[in-house]
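See structure below.
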């Protein structure tokens with residue numbers, strides 16, 4: 001019993017001792033916390049000099065500024081990401097596609113030649129310098145924002161003249177035609193020995209060449225093959241086109257004046273010729289009796305043709321045989337194009353009557369003067385599978401000289417302003433199954449041509465006339481959706497006379513600052529323009545081949561005028 005009581009007493013003493021030590025430990029911890037807080041408060045007061053709530057008012061502003069800096073940095077990073085995406089997803093694939101296109105064109109050209117070696121088509125395809133890869137036949141300026149007329153031509157640049165000139169006072173070189181492909185260019189003009197008005201005999205100069213860059217970086221045109229067709233065949237109104245087999249050319253063979261030809265009852269003889277890469281020329285007469293059975297006169301459009309879908313497409317115009325199926329199909333058809341902000345004051349019925357009469361000018365005996373497009377299959381056989389397209393006159397004006405051209409994936413037909421409408425016209429053209437379809441044209445109100453009254457440069461009403469001059473525009477500035485914004489060209493800046501050639505960039509209403517060939521009294525005639533880019537330097541150039549009056553050697557000298565396209569700052 002005593003032992004049990006003693007054990008209980010001992011346990012009570014041990015429990016009291018533990019409780020005492022717990023209490024002492026808690027007091028010690030509490031004192032330590034108080035001392036730590038006191039020291040921390042003292043240190044805080046010392047370091048911040050006892051900041052009050054008023055001192056913290058500016059903190060939200062500081063935080064806001066920090067947020068702005070962070071947001072700006074993130075935005076900058078997003079711009080970088082966007083540029084990287086644009087480069088990787090858009091620009092690089094397009095560049096690769098351009099390069100692929102050039103390579104495929106070159107391979108196609110070589111393939112044609114290899115397959116045609118047995119037919120003397122020649123080997124050794126010429127190719128432009130690598131600096132031009134992806135810069136020929138492309139949309140050169142793609143810009144949705146800048147004013148078209150902020151682009152303008154430089155002063156004319158000295159370069160190698162690749163065009164032969166007359167060597168006597170009675171010599172005449174006229175009617176230049178030019179076309180360039182991804183691999184080579186083609187050029188032709190007519191040579192008359194006894195003055196420009198002789199229709200009975202002439203030569204035809206035809207050349208094939210490539211674009212080169214000199215050691216100092218200058219552009220020049222290098223002629224590799226040329227021929228002077230002096231064989232008693234009077235070729236006229238020739239159009240040339242660069243194709244995978246060389247330089248294809250369409251000409252009429254003339255033995256009478258134009259007025260006499262329109263008075264005849266049979267079509268005009270035509271030939272499809274080719275200057276091959278080996279320097280040999282061959283040609284074949286077309287079966288005009290079948291192909292132009294509804295025509296009394298038919299001529300190539302003078303301007304260059306274009307190689308599209310394994311066919312070469314040439315502009316054609318001439319007179320339809322009265323009451324023939326083609327003539328009957330156009331009866332009553334007409335179109336009226338209007339000047340920008342300059343309405344014709346004539347009554348509508350009178351305008352319609354005059355518009356209809358404009359297709360049958362009195363100069364050609366009232367024959368309907370019609371626009372057409374001729375496509376020919378490009379093969380080692382000349383004149384193969386020709387197909388003639390006659391567009392409706394609800395789209396086209398009276399048939400004049402013209403040009404077919406391709407830029408990027410777009411095709412166009414230029415119509416010379418031989419009728420009442422003075423501003424330059426470019427019709428979008430689509431091709432399908434060997435035929436062409438023309439659509440409502442782009443018009444360039446400030447790109448006019450001189451003409452006789454009542455169809456002078458400022459004319460605004462439909463009338464019957466045969467006037468004007470060939471001055472084609474070249475598509476230069478595009479929207480990103482591939483629609484055309486502006487063109488380059490060399491116009492004759494006079495109301496009635498063939499005077500004052502000037503080069504400029506044109507939108508649908510106005511023009512850029514000009515580059516003048518010489519004085520305003522300088523005589524000139526036909527001009528044909530083509531633009532390209534030196535990809536290595538990213539510089540865009542335009543070539544205007546122009547007939548400029550000559551006072552000593554011949555009536556005209558054909559001059560290749562070269563400019564660089566510049567841009568005004570901040571426009």
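Each Cβ is built from the backbone N, Cα and C atoms, and glycine gets one as well.
The topological domain 'Intravirion' feature in Swiss-Prot is assigned to 1-26.
What Swiss-Prot records for 27-47 is transmembrane segment, and it gives sequence analysis as the kind of evidence.
The feature topological domain 'Virion surface' is assigned by Swiss-Prot to 48-571.
Residues or ranges marked as N-linked glycosylation site in Swiss-Prot: 119 (among others).
Residue counts of the region 'Important for interaction with fusion/F protein' (124-152) by helix, strand and coil are 6 helix, 5 strand, 18 coil (DSSP-based). Residues or ranges marked as region 'Important for interaction with fusion/F protein' in Swiss-Prot: 124-152.
For 172-196 (among others), the entry in Swiss-Prot reads disulfide bond, with the evidence type similarity to another entry. Look at residue 196 (disulfide bond): DSSP puts it in coil. All chains included, 19 other C-beta atoms sit within 10 angstroms of the C-beta of residue 196 (disulfide bond).
Among the features that Swiss-Prot reports, disulfide bond is placed at 186-247 (among others), with the record citing similarity to another entry. Around the Cβ of residue 186 (disulfide bond), a 10 Å sphere holds 26 further Cβ atoms from the protein chains shown.
Under the heading region 'Involved in neuraminidase activity', Swiss-Prot lists 234-239. Residues 175, 177, 188, 190, 199-202, 204, 249-255, 271, 299-305, 314-315, 401, 403 of the same chain, all 6+ positions outside the region 'Involved in neuraminidase activity' (234-239), place their C-beta atoms under 8 angstroms from a C-beta of that stretch.
Around residue 251 (disulfide bond), the same-chain residues at least 6 positions away in sequence with a Cβ under 8 Å from its Cβ are 204, 235, 236, 237, 238, 239, 270, 271, 273, 300. Under the three-state DSSP scheme, residue 251 (disulfide bond) falls in the strand class. Residues or ranges marked as disulfide bond by Swiss-Prot on the basis of similarity to another entry: 238-251 (among others).
Summarising the annotation, Swiss-Prot assigns N-linked glycosylation site to 341 (among others). Sequence-distant neighbours of residue 341 (N-linked glycosylation site) (same chain, 6+ residues apart, CB-CB distance under 8 A): none.
Secondary structure at residue 344 (disulfide bond), as computed by DSSP, is coil. Sequence annotations record features per position, and here Swiss-Prot assigns disulfide bond to 344-461 (among others).
The secondary structure of residue 433 (N-linked glycosylation site), as reduced to three states from DSSP, is coil rather than helix or strand. Same-chain residues at least 6 positions away in sequence with a Cβ under 8 Å from that of residue 433 (N-linked glycosylation site) are not found in this chain. Swiss-Prot lists 433 (among others) with the feature N-linked glycosylation site, giving similarity to another entry as the kind of evidence.
DSSP assigns residue 465 (disulfide bond) to coil, not to a helix or a strand. Annotation source Swiss-Prot lists disulfide bond at 455-465 (among others), citing similarity to another entry.
The N-linked glycosylation site annotation in Swiss-Prot covers 481 (among others). For residue 481 (N-linked glycosylation site), applying a Cβ distance below 8 Å and a minimum sequence separation of six or more within one chain yields no residues.
In this structure, residue 508 (N-linked glycosylation site) belongs to neither helix nor strand by DSSP; it is coil. The N-linked glycosylation site annotation in Swiss-Prot covers 508 (among others) and is backed by sequence analysis.
The disulfide bond feature in Swiss-Prot is assigned to 531-542 (among others). Annotation for residue 531 (disulfide bond): same-chain Cβ neighbours under 8 Å, separated by at least 6 residues, are 140, 474, 476, 488, 540, 541, 542, 543, 565. Residue 531 (disulfide bond) carries a strand DSSP state (E or B).
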Structural state of residue 172 (disulfide bond), classified by DSSP into three states: strand
Rounded Cα-Cα span from residue 465 (disulfide bond) to residue 196 (disulfide bond), Å: 23
Check the glycosylation sites 508, 538 for other C-beta atoms within 10 angstroms of each C-beta and report the one with the most. 508
For the disulfide-bonded residues 344, 465, work out the Cβ neighbour count at 10 Å and name the residue with the minimum. 344
In whole Å, how far is residue 508 (N-linked glycosylation site) from residue 455 (disulfide bond) when you measure between their Cα atoms? 20
